Each structure stands twice: as C-alpha cells, then as structure tokens.
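K.L.:
I grabbed these lines from TrEMBL:
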DOMAIN    23-287  domain 'NADH:quinone oxidoreductase/Mrp antiporter transmembrane'
DOMAIN    289-341  domain 'NADH dehydrogenase subunit 2 C-terminal'
TRANSMEM  59-80  transmembrane segment
TRANSMEM  92-115  transmembrane segment
TRANSMEM  152-170  transmembrane segment
TRANSMEM  177-196  transmembrane segment
TRANSMEM  202-221  transmembrane segment
TRANSMEM  233-253  transmembrane segment
TRANSMEM  273-293  transmembrane segment
TRANSMEM  323-346  transmembrane segment
C-alpha cells in the first residue's frame, strides 16, 4: 500500500473517532462512526487474500447494519421527542435499539458472532486496530447511554463474560482466542458502566495495553496458531518467557496488571448490592483463564516436535522495532502496585 494512502486512512481513523468523541448530535456521532468504518475497510482488504476479502465483507455488512439501526433509532427519538441531542434520549424503543446497535458495533454478546470470524481473516496489525482503536468511538456513545437501560446493560455484560469464556475453550487459532478474550473483557466493562463509568475507562485502557502487547508479541513471532506459538521459544527465548505472563495478565491473575480492573469491578459490584452478578462474572473469568493457561502450557511445559538436529532453528535477526512492544509488555505486567493511585484518581471526591 502506498504511504500516502496509508497516511490518509490512518488520519481518517483518527478523524472519525474524534468526530464521535466531540459530537453531542446523533447525526454527527453516526457520521464519525461511518468515517471510522470506511477508513479501516481498505486496511482489512489490502492483502487481497480470499479470507481477508471475506472478513472485510462480513465486517462491512455488520457495521452497515449497526449504523442503519443507530440512524433509525435516533430518528425515531427525534420524531417522538423533538431532540437530536445524545443526552436527551428518553424513548424506550429508541434507547434499546441504540444500545443493541452499539453492542453490535463493538461485538458484545449476543450480537458477537461476526467478531471471531472477521478477526480470523485479518493480519495481526489490522486485527490489533480492530480490537483496540475501533472500540473507542462506540464506547464513547455507550458511556453517554449508561443510565437509559440499566437492566439491558447488565444482561449484555453477563452474557458477554460467559460467551467470551465459553467460546474460547475449543479454539486453536490465536486470533479467535483473542476475539473471545475481547468479548469477555467488554462484558466486564459493560457490567460496571452504570455504577462507575471511570472504572470502565480504566478497564478499557488496561485492556488496550494488554491486548496490544499480546498482538505485537504474536506479530514478532509470526504466530497465528497454538502450534506455531509452541515453537517460538527457539526464535525469541526471552520474549517467549514473557508471553505466558502477558496471557495470565489478560486472564486477571495477581500480581499482574490484569488483576486490577477485575478486583475493582468485583468490589464495586459487591458495594452496589449485586453479589450474584459479581459471582457469575468471577466464575466466567475462570473459563477465560482456562484457555490462557492452555496457551501457557503449550509454550512452556511441552516440547514441540522438531525434526532438526540443532537445538535452535536457523533464523535471521528480526528487523521489527521492539521499543513499543517492550514498553507495553512492562505496563501489561507491572501496573498492579499503582492500584491505590488509580482508585484515588477514580474517586469522585476530587
């Protein structure tokens, strides 16, 4: 792809997100989401592989459906109430449709079916953009709708944590595993949204850090399946020692960074008098932890089949820049001691 086209597409990605962030009018928010979608589609289809084209088509149809629902629901609300303002969403039908449309945009269960299939057809760099940056604009709108339909949000959150854990159990493709991991993490964020929106933003930030570190690690090793990942010890031994820790951080094990949002969310849910919801979410985290442990087991406790006589395969030194990866990996593993600082910043007293 030409550098000029790439710069234009990346600028459009940033522009679409910024327009949605800055808008208080439903039409402008919809326009920002559309700019976002149209900017990432050429990035998804740039390799001209049949799987990439199929994934791009599925993504386009899904996002077009969600955008049409958003436009229809906001028009219905404006027709009934006379208001296009995002904060003035009072019609129950329009609010339910908008929450479901935004859930479809980011891949929440039960409208999650497109996400693993689309992510499986993409290369790891575009998959990283889809799993992180593309979540920001719809989340900005969901944050503003946190009080319109609380029961629906809790149901979506619980279902997403369960589906995200259950769906990843039988997968061998790393991109599908990361897709189900994304669904589960989004469920945790949606659960706490109406009680502590700042905690949702903290969870989203930490999820982006941990997922970016994992995607960049897989990209450095050119690993897309569990079998490929199991042989990566010979390519980058030091990095292979850190990958299980990054995966366990995604699973939420202490003393790693991923424990912080789960701990704070369970604490807040218990404070709000929802012990059953907190228990179901904690049990669903065990499902997610199982497939992370499966990856760790394949990498660290098994010897992969190797027909070569030498202990390490012949390889060229990597030319990929690793500064961003090393920074993200350190953050993905060691931010838990900053939990008191995070809670102090999140407290409403200041």
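Cβ coordinates are placed from backbone N, Cα and C, and glycine is handled just like the others.
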K.L.:
Do the transmembrane segment (273-293) and the transmembrane segment (92-115) come close, with at least three CB pairs under 8 A (pairs 6 or more apart in sequence)?
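P.N.:
No, the stretches stay apart by this measure.
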K.L.:
Could you tell me the mean pLDDT the prediction assigns to the domain 'NADH dehydrogenase subunit 2 C-terminal' (289-341)?
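P.N.:
Reported value for the domain 'NADH dehydrogenase subunit 2 C-terminal' (289-341) is a mean pLDDT of 77.
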K.L.:
Give the nonlocal contacts of the transmembrane segment (152-170) in its own chain as ranges (CB under 8 Å, at least six residues past its ends).
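P.N.:
Cβ under 8 Å, 6 or more out: 96, 99-100, 103, 108-110, 112, 116, 146, 176-177, 180-194, 274, 277, 280-281, 284-288, 290-291.
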K.L.:
For the transmembrane segment (233-253), what are the same-chain contacts with Cβ under 8 Å, counting residues 6+ beyond its ends?
P.N.:
181, 185, 210-211, 213-214, 217, 220-221, 259, 261-262, 285, 288-289, 292-293, 295-296, 299-300, 304, 311-313, 315, 318, 329, 332-333
